[in-house]
């Protein structure tokens, strides 16, 4: 098996765009949107298409958002995530490139374009190849059982964040990675465009599998405490502030050779002003940009993501508060629709994760 090439996913910085709340229904007056290889497949299966970060993608299908969410938690769902960029980093200096971009220890894995060009100008051996593949995510507790019927490889030997190239339901050249963004066991399958519809159709023949869209994807990742880039983290957020210190490689902490090390290393020692926290409340759901206040009514932070949790039947959110308010159990106020309501700082994930690891 090979450690997953999707390094950015492993480090907690998935290439996401915007939450379903920012999606727009399609109209003929809007700009031309990019389509994934499964666009016609989505329409044929009742997909409700919306504009999402320049793409036309299904926000949901015939099932309700809640039903789709719960089906993923109890069985498994198929998501089209082909809008996410897939690349290969090539050359003997590929590790140097990746370590110039992220804080993790890329060298221990084994094996944006401007950075590639910069290293090439320095005489470094590095190249970037963009893959023209579709990307399907099969997520849920029965995902491996469903996929095993269509592959010769033993998926019990493919733990979380490892990958292998294999034939999947007759489609050769697929890379199967044990990962995902729902908190459940599952895989992401990079599949040649010509075989994408065939593979999706084959997976849907199993009654365990249903199609799911952007709405369920967003609520599932929020229950799992996973960040949405552009909302919960961005280029101004450090791993310590974002409660992502686990992404910092031990070797790189010692060497202080990663981007932002002079700011981040002191934060590891306790000198951080704000932290990302989970929040739970009853009443109206918390949404992005809702003000967070202390019990005296002073604004201390902002909600970055929020929604009703279909699994918990409560409202969950995440946001940033000063460090002294970040302890689980701390009572705060959140302003929703100009009304203040009680919220409590809660541990994340809100729903336990079920990643598959070898034991």
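Positions of Cβ are set from backbone N, Cα and C atoms, glycine also.
Feature annotations, reproduced from TrEMBL:
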type	residues	note
BINDING	188	substrate binding site
DOMAIN	38-113	domain 'GCVT N-terminal'
DOMAIN	116-249	domain 'GCVT N-terminal'
DOMAIN	274-351	domain 'Aminomethyltransferase C-terminal'
Would you list the DSSP helix, strand and coil counts for the residues of the domain 'Aminomethyltransferase C-terminal' (274-351)?
3 helix, 45 strand, 30 coil
Just counting, how many other CB atoms are there within 10 A of the CB of the residue listed as 'substrate binding site'?
25
Take the domain 'GCVT N-terminal' (38-113) and count its residues per DSSP category (helix H/G/I, strand E/B, coil), listing them in that order.
27 helix, 20 strand, 29 coil
Check the domain 'GCVT N-terminal' (116-249) for me and report the mean pLDDT.
95
Please work out the helix, strand and coil residue numbers for the domain 'GCVT N-terminal' (116-249) from the DSSP assignment.
40 helix, 37 strand, 57 coil
